[in-house]
Amino acid sequence: MTWAELAEKQATVVQMLKNSILKERLAHAYLFEGKQGTKTDLMAFQLAKAFLCQKRGDDAEPCHTCEHCRRIDSGNHPDLHLIQAEGASIKVDQIRHLLKEFSYQGLESTRKVYIVEEADTMTNSAANSLLKFLEEPGGESLAILQTTKRHAILPTIQSRVQVLSFAPLPPESVIETLLEKGYSEVQARIASQIAADVEEAESLCSSDWIAQARSKVIQLVHEISKRPQRALLTVHEHWLPFFSERSSLQLGMDMLMLWYRDLLRVQIGQENQVVYTDCMDDLKNQALSQSQPTIRHKLTAIFDAKRRLDANSSPQLVMDQLLLKLQEG
Amino acid sequence: MDRQRKGRIIFHVDMNSFYASVEAAHDPSLRGKPLAIAGSIEERRGIVVTASYEARAQGVNPPMPLWEAKKSCPDLVVRKPDFPKYRQASENMFQLLYEYTPLVEPVSIDEGYMDVTHPVDDRPPLEIAKHIQDRLLKELALPSSIGVAPNKFLAKMASDMKKPLGITVLRKRSVPDVLWPLDVIEMHGVGEKTAEKLKRQGITTIGELAKSDPIQLKSSFGVAGVRMHERAYGEDHRQVDPDAISEFKSIGNSTTLPRDTKNEAVVRKVLMNLSDSVSRRMRRKEVYGGNIQLTIRYKDRKTITRSRKLDHPISSSQDIYEEVWALFQQYWDEKPIRLLGVTAQDIVEKGHAHQQLDLFQYADTLKREKLSNTVDHIRNKFGEGALLKGAQMSEDSSDLLRDEEKRGTSLEKDFLREGFLNEKQDNED
Amino acid sequence: MKFKVHRDQFVQGVQHVAKSISQRTTIPILTGMKLEASAEGVTLTGSDSDISIEYFIPKEDEEHQYVEVFEEGSIVLQAKYFTEIVKKLPKETVEISVQDQFATTVMSGSAVFNLNGLDPEEYPRLPQVEEDKTFQIPKDLLKNLIRQTVFATSNAETRPILTGVHWQLNDEQLTCSATDSHRLAMRKAKINTNSSGLSFSNVVIPGKSLSELSKVLNDSDELVDVVVSENQILFKADHFLFFSRLLEGNYPATENMIPTEAKTSVILQSKRFLSAIERSMLLSEDNKNNVVNLKTIGNGMLEITSVTPEVGKATEEVTSEEMSGEDLRISFNGKNLIDALKVVDSEEVKIDFTGAMSPFVLKPTDHDHSLHLFSPVRTY
């Protein structure tokens, strides 16, 4: 990865970082936050290289070939510390190790870099231990925290780091690429909305998963409006078994949300923006029978349900309650 | 089932041959064997402290010399006492009891009273008793006997009636039938000396005690005589006091929040008030705490306690607050909180607290102590609200903790208060 | 790379270096030992990132030839397997050669081991020795400096800088100090510097590293070269180099904590005083309440007491060699005094008190190159 390659999708962030490097005004700690697929991790390693490389160019580009750059790639740089979740979370012992490293000078120079991947998975006590360091950073060290869930990062941590938000990728560019690769438009449209970048969208399409998921969504919304008494059964017999992983259920919910957004689009005459293009008749029918506030209400309900899933509520419970709300009005 | 709620419902939970049971719980091979715990394994000097029921069945009756025990029970397995193990088991056992009510009064390492008039769940008392007994046996492998009665005295008498693994209900109305025929020595609180003295006055049974003249009893036994007379009628007004045993070992307060919260500002304020009240109780008693404990009960009733050993004992509200706040930040798992508690443990009396001064900053230490005393002085003179920190100024039930009159002096007194409010509805029969 | 080496010499080196290698590291390459063959000989390197040890086996000395290098080069071998293999080699010489892709063969007589090596380019770069920033110190003095200071470092994580020993060099005088914020140990030593006017301060060496160093140094008065770089300190002895990372941050000022006046002064026999305190503390539980009370009781006598709640009180009397100034009553952490008295190299010590609530100083009477400072304990 080079700055130029990263700038294709994250021009602002790259510009900012390059300027700070050249003016020697890097913050002591950054939080890179962006959706899945925005390459916050690659950016973190690029910044680490630029910080440690001793043959950095005038354009802030690390040389990618010196002993520092190469060992950053291979994971053997002694003054680069990478913290990743062990199991589901980053434990306080891992942060304790980090704090000990913070209190020492580097092995090869006075410069040290710490990358905390998925910083949102830090346990509460881990986050609080890290906070102590962020309050009193020592020496020439650089800390980079990376997350896809900024809201899950303690506010006290956010206020002590420089937050760089990575731009989500525009759906149009994703759709185009997918169409070029021969995927159907209906699939491409949905995938582009729920995936964060081309690669993820493509992998969703290629596995046929998206086609099946789409039919589950269409089946569910159909039953909610036509045969409400069957909807609960459908959730238990078809929906939950298909979206059995928490992460896939989240995607299913995203797709459900797209449906209701389509309803709004139809109501306000933006039919060209609709995602479920092949279901126009159904959309129009449902759009006629519901008011805008009702639909918004339902969107909020789905959004809440997503949040509760994140907070580890039981998927079954969340879906049952969501269904009740979607059947109202 | 009898669900009359006019009186209180008190349990006395008594662990059966506790030390022996704990040993058997740790080493299943000991189960079902005659087991004795003796101070020294040497037969010449050892005294059997506890014996399992299997050993008792073969004539081992603690306290008795080990050689004698071995004579009547040659297969006796003897273990040396392992107090840390027993203390841990005791802690586990009380922790389990606390899950049913905060009103648990430990009496010793292996027995305690519970006030379950208002338990955290609404099961009938006998069912709760059964549940507790089953769980103690299943989760901790410890057998117990439970007495269920309207007061502590009767509960204690009841738990003695069936061992091991008994649950005995003793109502006041059955006192003449059940207690009166018993010898006075059987009465809890009557020792050998008192029993002899009573016998000299012609009182041999509890029934005779009940029928004797309380004024006569008072003249020969003082207030204790009046109390004995009351007890003979099954009367006992003592409250279940969670602080009783720990009078000088811990001082704590807790409060149920008006509504479950995740708001740190609310938590901070409640902890400040709790720290303040704990601090002043400590300073009134002129003691310091070497360990500060935070209790969090979550919405789902899961309760955690976390504590930290301090490098020197403290008593000022500021110091206590700083410790609990640090504990809170470290251990709160961001779920909605129902109750918060602050307890000072490892209590030392004034004159026995030590602080090794810091070479870098010890001028400060002496100053802070002075300030804290001044604040107390001002409050005593001008009232409780005279000096408050910014965050403490708001309406909230934990504010009551600041008020000398309303403040509970026992752990979770406000729990009790809330209970009384609920009780009214139950009582309209 | 290809060389042949004398087995015993090699085993000694490998075992030396293996001490610095830990299998529990977050940097994969550090589980390996680096071998480098050059025209001068073979260098072995190990590191757990906090400390690193480099051991050099010269090609030859006046009496023996140890190494024969056929092809210069380097390799990193998994220390866990390599050290085990080396110990069990049958013949007096070992031949090590590296083929393509870091495949390595270790041969001794009929024993042949093939190991998958790691790329030596991945191995950390240790600081180069710059001869002009060097000073010398005899091994036994260095070990004394360590012994008399490291015990006073803190093991709390709350103030990491205090887990180290602060070294300062000025006017050919090296000052080492350590404190856990309750006691301070200071040791000075006259040093020969290669370059006149070499000075530094705020060099803070982790106490753990110094203890390790002390273990690998034998007792002799041979000189050790000491080199201080920006991020590491390096000790160079006989055939090995010992590196330690330094601590980050500024060491707090300690000079001004030391009182210069005394209200009460006592001179005591070190050993007698030590055992009196030890006896007075017999009743107290370990690491719990180590409070010892000291009181002047006239006639040059001191009373030392220690109270353990629920157990009892122990009283000791000590006769001072000399006493002057006001009467005194003070409490302190007896364990800290014991620690210091155990490393004092003087028959007698002088203690200067400046009041019950002020720090007090303990010094040997024989010389003025060491000093111990203690904070009192407040009872309330």
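All residue numbers here begin at 1 and follow the chain in the order shown.
Each Cβ is built from the backbone N, Cα and C atoms, and glycine gets one as well.
Marked as domain 'UmuC' by TrEMBL: B:10-191. The feature Mg(2+) binding site is assigned by TrEMBL to B:Asp14, B:Asp110. Residues or ranges marked as site 'Substrate discrimination' in TrEMBL: B:Tyr19. The active site feature in TrEMBL is assigned to B:Glu111.
Structure coloured by features recorded in TrEMBL.
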{"residue": "B:Asp14", "record": "Mg(2+) binding site", "DSSP (3 states)": "strand"}
{"residue": "B:Tyr19", "record": "site 'Substrate discrimination'", "DSSP (3 states)": "helix"}
{"residue": "B:Asp110", "record": "Mg(2+) binding site", "DSSP (3 states)": "coil"}
> If you skip the near sequence neighbours and keep only those at least six away, which residues in the chain come within under 8 angstroms of B:Asp110 (Mg(2+) binding site), Cβ to Cβ?
Replying inline: B:Asp14, B:Met15, B:Phe18, B:Ser90, B:Met93
>> To the nearest Å, how far is the Cα of B:Glu111 (active site) from the Cα of B:Tyr19 (site 'Substrate discrimination')?
In response: 12
>> I'd like to know which of the recorded positions B:Asp14, B:Glu111 has the most other Cβ atoms within 10 Å of its Cβ.
In response: B:Asp14
> What mean pLDDT score does the domain 'UmuC' (B:10-191) have in the model?
Replying inline: 87
>> Let me check the 10 A CB neighbour count of B:Tyr19 (site 'Substrate discrimination'). How many other CB atoms are there?
In response: 25
